Amino acid sequence: MGGEDRVETGHAKKDKEEEEEEMMMTVERVFESKEVPSWRQQLTVRAFVVSFMLSILFSFIVMRLDLTTGIIPSLNVSAGLLGFFFIKTWTKVLEKSGMLQVPFTRQENTVIQTCVVASSGIAFSGGFGSYLFGMSKRIAIQSGSTPGADDYKDPSLSWIIGFLFVVSFLGLLAVVPLRKIMIIDFKLTYPSGTATAHLINSFHMPEGAKLAKKQVKALGKFFSFSFLWGFFQWFYTAADSCGFASFPTLGLKAFENRFYFDFSAMYVGVGMICPYIVNISLLLGGILSWGLMWPLIEKKAGDWYSADLKPSSMHGLQGYKVFISIAMILGDGLYNFCKVLRRTLFGLYHQIRDKNSLPRVVNGSPTESSQLSFDDQRRTSLFLKDQVPTSFAVGGYIVIAIISIITLPHIFHQLKWYHILVMYLAAPTLAFCNAYGCGLTDWSLASTYGKLAIFVIGAWAGASHGGVLAGLAACGVMMNIVSTASDLTQDFKTGYLTLASPRSMFVSQVIGTAMGCVISPCVFWLFYKAFKDLGLSTSAYPAPYASIYRSMAMLAVEGFSSLPKNCLALCYGFFAASIVVNAIRDYVPKKYSRFIPIPMAMAIPFYLGSYFAIDMCVGSLILFLWERMDKTKADAFGPAVASGLICGDGIWTLPSAILALAGVKPPICMKFLSRAANNRVDGFLNSS
């Protein structure tokens with residue numbers, strides 16, 4: 001969770017898991033009279049038409065989040081809800097005209113949700129706000145270096161789409177042979193997948209359908225508000241630092257240090273979805289860095305670093321911001337990697353030791369049915385019915401790996417065939433670890449495995465052979481494999497609980513991934529062409545993780561000699577502090593640990609500032625007050641309201657980008673000045 005890792009909200013609601021599990025126990029009795037469609041019948045044309053439309057919407061949302069802060073909440077609930085709404089509307093129109101032939105089932109709903117999440121997931125794992133954009137000359141210069149010809153590669157639609165198609169499918173094939181072990185034998189929880197299945201099942205019950213209609217109405221209302229609010233704000237942004245996003249709500253001095261509310265409906269919505277402790281951690285990180293550390297270090301200009309450096313130089317204040325942030329992220333990532341690995345190995349040991357006590361399944365029929373509930377018997381039988389052949393998965397992995405080993409060096413000549421071979425030999429093990437760990441904790445460590453690849457391959461290639469670019473490309477290969485692997489196993493869990501065929505889940509994931517490999521690069525290209533300052537620290541889209549990932553690659557290649565004075569000592573301190581704080585969170589009682597901040601979340605505002613954290617805390621405050629007044633209604637409609645705010649503001653990015661490409665500029669600049677600056681402006685205007 002946190003930072004460039006996608007924020008999964010399932011693990012933050014452990015207290016509800018048992019209650020949800022009890023509700024799920026009798027679900028299949030309700031649906032017993034309904035025939036389960038075959039895997040081919042679950043894959044309908046209308047499902048993929050709706051999936052394509054929603055994929056575009058969610059790709060814009062994820063891309064905007066990725067290019068602004070890198071914090072991406074789980075959008076599974078939004079995808080399931082909107083998929084239900086669109087197909088229900090479609091079928092209702094056909095039913096009234098007498099043309100409805102195939103009813104809308106929960107299995108088809110699951111196919112839509114899987115396809116949309118797979119497609120929009122490429123906007124995250126594709127690295128458009130991290131490793132991929134970090135390869136560009138713009139980010140290289142922003143990072144304070146003068147890149148050689150081998151040290152950068154500017155974005156281009158052709159190579160980005162080709163790269164994603166080559167690397168995005170391996171993770172799917174890597175975990176297919178393990179699906180029975182993960183879901184049936186080990187009975188892993190996959191909290192987000194379980195919560196999504198619970199939501200979809202409830203939609204298709206009589207009472208659940210009524211509630212879903214009300215939720216969609218609330219989502220639509222706040223979608224409209226958020227979209228229109230974005231449109232209204234656009235009129236006041238004729239130049240840089242104009243408009244509501246530059247409103248010094250807490251005073252001009254606070255504004256200079258990135259403390260202000262920027263009126264972003266999207267981040268208010270994100271704050272309503274993210275756990276309270278995440279939002280508080282972000283705010284505390286901003287206060288510690290921009291409120292205390294950076295003003296103190298800035299006073300050391302001329303002593304710790306040259307006072308004549310550009311603000312973007314990594315040898316000055318910017319270096320402290322980036323590398324201390326990296327130290328916290330790596331400390332948090334290393335701790336959680338070791339924690340999940342320990343739990344994975346410990347869980348595997350117990351599963352193997354106790355395997356004789358597990359219910360055995362032979363030819364799709366439980367032989368120890370007395371130990372299984374009716375729901376589990378039905379789900380297990382159907383889950384094992386449609387096998388994805390292991391030979392197909394293994395053969396496909398080998399074929400795509402060979403194609404990748406041949407193709408990738410032509411895209412990145414700094415990345416050699418033997419680098420790729422080593423990664424592909426290690427990838428299935430790492431994909432399994434990530435998928436298993438995600439099943440236990442709901443925590444995908446895709447970006448952590450990506451950072452590991454940066455340091456290993458970057459150092460291996462070396463500075464003289466384009467190690468920076470080789471490390472970033474290797475990060476992309478590894479992130480895509482382990483991210484899609486955990487996503488697919490989450491979807492298998494959702495399918496298991498909704499009686500969707502594993503084969504239809506796999507096909508839907510493949511089609512969604514293919515959609516994402518085209519849609520996400522096109523969406524990024526629109527941002528890249530429309531916003532000329534994309535990636536700059538002063539931009540509305542600073543892409544903070546692009547600079548951070550590039551700095552990691554430079555660190556892997558050049559070592560610590562490039563850091564400014566005392567920066568390494570501070571990095572060591574914050575790296576150790578991240579590990580200690582995480583350990584304290586894990587070992588104190590839960591009633592205390594929920595008040596201890598998360599280091600990964602604290603690290604993000606070290607680079608960006610606190611403006612978005614204030615937005616998210618406003619979202620938390622709204623949800624908190626709503627829960628105090630009417631908890632039942634807040635639980636039912638909070639995610640829908642938050643999704644509406646996120647979707648409306650996110651989709652406004654499309655028309656704003658089109659207006660920018662067309663050269664249409666806003667008519668008004670609303671800017672805020674101090675009294676002294678205003679007097680000087682008035683004096684200048686009067687004198688002229």
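Any Cβ shown, glycine's included, is placed from N, Cα and C.
Among the features that TrEMBL reports, compositional bias 'Basic and acidic residues' is placed at 1-16.
Marked as region 'Disordered' by TrEMBL: 1-20.
Per TrEMBL, transmembrane segment is recorded for 43-65 (among others).
The transmembrane segment annotation in TrEMBL covers 71-90 (among others).
Residues or ranges marked as transmembrane segment by TrEMBL: 111-133 (among others).
Summarising the annotation, TrEMBL assigns transmembrane segment to 157-178 (among others).
Taken from TrEMBL, the feature transmembrane segment covers 218-236 (among others).
Residues or ranges marked as transmembrane segment in TrEMBL: 265-290 (among others). Packing against the transmembrane segment (265-290) from elsewhere in the chain are residues 1-2, 7, 9, 12, 61, 64-65, 69, 71, 73-74, 222, 225-226, 229-230, 257-259, 321, 324, 594-599, 601-606, 609-610, 612-620, 622-624, 638-639, 641-646, 648-650: each is 6 or more residues past its ends and has a CB under 8 Å from a CB in it.
The transmembrane segment annotation in TrEMBL covers 388-411 (among others).
The feature transmembrane segment is assigned by TrEMBL to 417-440 (among others). Using a Cβ-Cβ cut-off under 8 Å and counting only residues 6 or more beyond its ends in the same chain, the transmembrane segment (417-440) has close neighbours at 170-171, 174-175, 178, 182, 186, 188-190, 340-341, 343-344, 347-348, 397, 401, 404-406, 408-409, 446, 449, 453, 457, 460-461, 470, 474, 477-478, 481-483, 485-486, 488-490, 493.
Marked as transmembrane segment by TrEMBL: 452-485 (among others). Using a Cβ-Cβ cut-off under 8 Å and counting only residues 6 or more beyond its ends in the same chain, the transmembrane segment (452-485) has close neighbours at 118, 121, 124-127, 130-132, 134-135, 147, 150-153, 163-164, 167-172, 174-175, 404, 408, 411-416, 419-420, 423, 427, 430-432, 434-435, 444-446, 509, 513, 549-550, 552-554, 556-558.
The transmembrane segment annotation in TrEMBL covers 505-528 (among others). Through the fold, the transmembrane segment (505-528) approaches residues 39, 43, 48, 51-52, 55-56, 59-60, 63, 67, 110-111, 114-123, 126, 128, 133, 155, 157, 160-161, 164-165, 168-169, 172, 176, 388, 484, 487-488, 491-492, 494-495, 534, 541, 653-654, 657-658, 661 of its own chain, all at least 6 residues removed from its boundaries and within a Cβ separation under 8 Å.
Residues 319-320, 323-324, 326-328, 330-332, 334-336, 339, 560, 593, 596-597, 599-600, 603 of the same chain lie 6 or more positions beyond the ends of the transmembrane segment (567-584) yet place their CB under 8 Å from a CB of it. The feature transmembrane segment is assigned by TrEMBL to 567-584 (among others).
As annotated by TrEMBL, transmembrane segment applies to 604-626 (among others).
Take the transmembrane segment (388-411) and the stretches 157-178, 218-236, 604-626: counting Cβ pairs under 8 Å, 157-178 has the most. Stretch with the largest number of CB pairs closer than 8 A to the transmembrane segment (218-236), among 71-90, 111-133, 157-178, 604-626: 71-90. Beyond the ends of the transmembrane segment (157-178), by six or more residues, the same chain brings 122, 125-126, 132, 388, 390, 392-394, 396-397, 400-401, 403-404, 407-408, 411, 424, 427-428, 431-432, 435, 476-477, 480-485, 487-489, 506, 509-510, 513-514, 516-518, 520-522, 524-525 to within a C-beta distance below 8 angstroms of the stretch.
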